[in-house]
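Pulled from TrEMBL:
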DOMAIN    12-92  domain '3-hydroxyacyl-CoA dehydrogenase NAD binding'
DOMAIN    97-138  domain '3-hydroxyacyl-CoA dehydrogenase NAD binding'
DOMAIN    142-194  domain '3-hydroxyacyl-CoA dehydrogenase C-terminal'
DOMAIN    255-430  domain '3-hydroxyacyl-CoA dehydrogenase NAD binding'
DOMAIN    435-500  domain '3-hydroxyacyl-CoA dehydrogenase C-terminal'
Amino acid sequence: MEDTITTLKEMKVAIIGSGNIGRSFAMCFAASGYKVSMYDIDYSQLHGAMKDIKERLEELEKSGLLRGSLTITQQLQRITATDDFTGCVQGAFFIQTNPPFYVPLVEIVPAPWTDKEVTKRVTDLMKEIGQSPVTIKKEIDGFALNRIKGAIAGECWRLIEEDVISVEDIDKVMTDGLGRRYAFMGPLETAYLNADGFYSYADRYAEMIYSIQKGLGPIVKQEGELLERVQSELEAKIPMDKLKEQRQWRDIRLAGLGLIGRSFAMLFAAAGYQVKIYDIEASQITHALSDIWQQLIELQKIGLLRGSLSIEEQHKRIEGTNDITECAKGAFFVIECVPERIELKTGVHAKIDPVVSDTTIIASSASALIPSKISQNLKHRNRFIVVHPTNPPFYAPLVELVPSPWADSDVVPKTKALVEEIGQSPVVLKKEKEGFVLNRIQYSIIKECFNLVKDDIISVEDVDKVMSEGLGRRYAFIGQMETDYLNADGMRDHSKKFAEMSYRLQKSFKPPIKMEGEILDKIHKDIEKRIPLDKLQERRRWRDKRLAALEKMIRTMGKKTY
């Protein structure tokens, strides 16, 4: 769009409401050359809106992200503010009642009697002004975005209420974990790529996901003591008088916008540690070392090589062995990264346990199995902790630390310090919870996505766009709780405006469905049309390049704190 000459159009668009969403729509249409009439009942609100639009356009021009070929002055001239409702809508070919400029998703929801031509014209218009439309095929309360957001918020509030995790750490689960994944692709394609297609994903994880989804707790209302706690924690981080400044920080960033074991090996080697990797198959070790070398070359090329050691020095610090005793003996930290099967994990730890010292920290990269189940029969169970990374760990730095109930008091602080030293972003779970936090939130999302596809509300491709073009853009920089805090004037204000709607949507959620049968076939085949199984590695590389670029931008721009 930026490469073409913008044509000034005589057609008028009416925007009802001059809040953040109304302003963003006005900017999108003006950038595309349309006349825009923006209405609000309060003229002082309109004056503030026009001043804010001018400041936003200036910021976009500075950062090279001004849309279209019109100047700021020309774009502002296309927008008229009015407190005359009739004058606003009269002669308009399109009326929008109160998507933001930085998050391009737009949900198109026709009424049952809407002409098909209307849906098509609105879809085409949204594409013309640079937005990313998805079609909701039939009416449903909350559409898709707010239903998925409700699923995320619901589990976040439950986990805070149960004191499993802090407000700050649950937001890090989104910004440093799921948000990085979903900034470029949705939950269904993510699952498809994390295995060898959706059939493979269901084979590996369907039972675990179903078990966690069945255990998702009752709905928690955003009120009372819990609301005060969330408001207080966020206000300590972002004072109320700094909300506008923090929103500007967020918007600038939104504009810019076997793997586990290998990644851990690379992270430790980059920090200067000597690393031994174990696999029962010698050929697997050879392949892993070769793959690590290729990844190091790629990271050096794009300027994201960690630490001060050269790629040759880092690679030399990683050795392979198919002798588990040799691998674990003398290590101060041992991490097991085998597939998520309890008998496999306990079998590996039974071999590690006799050869480690009493001070060695023993870790598992388990993604849902609670530490007490894995470590209950170990002699050194007091040194056991789950260290669950986000995949791919090099680009999504979140690591969940879940100590066993009998872990010594030094295990968590030492592990946290080590994880921070290698450049990752740890969050600490205060107690065991099946699925931990990341996967409980992720499976809440997948549950609602599956039900929306099953009920033919939205296509597989479009439900993924709800995340990659909508929610994921937000969550790449700020978590669910801070998003709500910034989208209103603090959490108390957000609760007044949206708590009832959120509660109503969550009450309407259907029970979980298993990844099997007709729905599994539909999702797998829909994604396979876009990404054939023999192109999986190519698509993963596409994803990783974008994650690398996002990581580079985050490092350059930093994190805003007060």
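Just so you know, glycine gets a Cβ as well, placed from its N, Cα and C.
Stretch with the largest number of CB pairs closer than 8 A to the domain '3-hydroxyacyl-CoA dehydrogenase C-terminal' (142-194), among 12-92, 255-430, 435-500: 435-500. Within the same chain, residues 1, 15-22, 24-25, 27-29, 31-32, 34, 56, 60, 67, 144-145, 251, 254-255, 257, 455-459, 462-463, 465-466, 469-471, 473-474 sit at least 6 positions outside the domain '3-hydroxyacyl-CoA dehydrogenase NAD binding' (97-138) and bring their C-beta atoms closer than 8 Å to a C-beta of that stretch. Assigned with DSSP, the residues of the domain '3-hydroxyacyl-CoA dehydrogenase C-terminal' (142-194) fall into helix, strand and coil as follows: 41 helix, 0 strand, 12 coil.
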